[in-house]
Amino acid sequence: MGVNANAFALTAGAVPGIAFCLYQLQFAAITPSIIFGSVAERMRILPSMVFIFVWSTLVYNFVANWTWNNHGWLRNLSCLDTTGLDKVACGLGALDFAGGGPVHIASGFAGLACCIYFGKRKNIPVSHPHNLTQVFLGTTLIWFGWYGFNGGSAGAATARAAMAAMVTTLCASFSGISWVLFEYLFTKKLSGVGFCTGAITGLVVITPASGFVAPWAAAIMGIIGGISVNLALKFKDWLGYDDALDAFGIHGMGGLVGNVLTGVFAQSWVASLDGAVNPGGAVEGHWILIGYQLVACVSIAFYSFVVTYLILMVINKIPGLSLHFTPEQELIGSDLEEM
């Protein structure tokens, strides 16, 4: 409603409102697709379409509002009394440049809720990537697209957008290398799939920080992110949940790590590249930002997990929208089932 050629002065003053609307639509569309990486072979197509609409409305829209709306409570944690629409919000709270919370934490913890609700796959054993060409191609495409994801969040072709693209490159690169070297300690092998997994992890980790951190910090974040998420994935086998494409491990845990490290490494001069003002993070003596980031992490993770689980329970009770395949259908495989 009310979207036309006029710019939204408080959010993206340099582009037409309709362009900003389409850009944000892509965020809203790609987020639930991450969730389905956790439940491969286990969820019927028709109810999954209903799930996308309900989840986007009740989870993504709320979390995006908390995070990015000028009056969102997470964005204004230091001045919650100014979040009313009739007041001028201070804008000093949790930082999230391109979706560490609304996209990655929300989808990652929704994916965890889904794979717990559905249980393990019955038709095939848990598999590992086997087509290296497709893995490399997919990584290339998603890495390229991430420049629009992070750089584009500046809302204009500014120096801050260029910096966001640079730190995205560095964090993904250092994360991929650290992932490979960390795995080598245990396997004595250098893995191409490991590099791709680590690179995507780095892309997730840098997402909330991309408009707030310097290149040197992005390199450190990549190393910490690659090693910590690698360790998180090892717990999957121990805990026994079947997260087919590691939506929770990479996006949920990677988003948490990135959000917290944003509180550590954010610097005021990076935000000022396009005129934005914030006091920076712990490296500039603003330690409270780590606290704000932790509040955002816990709030989004808890809300997404609980509401997702409730949505699944309700949809499954609606006649004709049973989420589960029959045992016979699951043995055949979901690719052969139309609905």
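Every residue gets a Cβ built from N, Cα and C, even glycine.
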17-35, 131-149 - the one TrEMBL records as transmembrane segment: 131-149
Distant-in-sequence neighbours of the transmembrane segment (189-207), which means Cβ under 8 A and at least six residues beyond its ends: 97-100, 103-104, 129, 132, 135-136, 138-139, 142-143, 146, 149-150, 167-168, 171-180, 183, 213, 218, 221-222, 224-226, 229-230, 246, 250-251, 254-255, 257-258, 261
Which of 101-119, 161-182, 213-233, 290-315 contacts the transmembrane segment (245-270) most, counting Cβ pairs under 8 Å: 101-119
Outside the transmembrane segment (161-182), six or more residues from its ends: residues with CB under 8 Å to it: 97-98, 143, 146-147, 150-154, 190-191, 194-203, 205-206, 209-211, 213-215, 217-223, 225-227, 230, 270, 273-274
Contact check, the transmembrane segment (45-68) vs the transmembrane segment (131-149), 3+ Cβ pairs under 8 Å, seq sep 6+: no
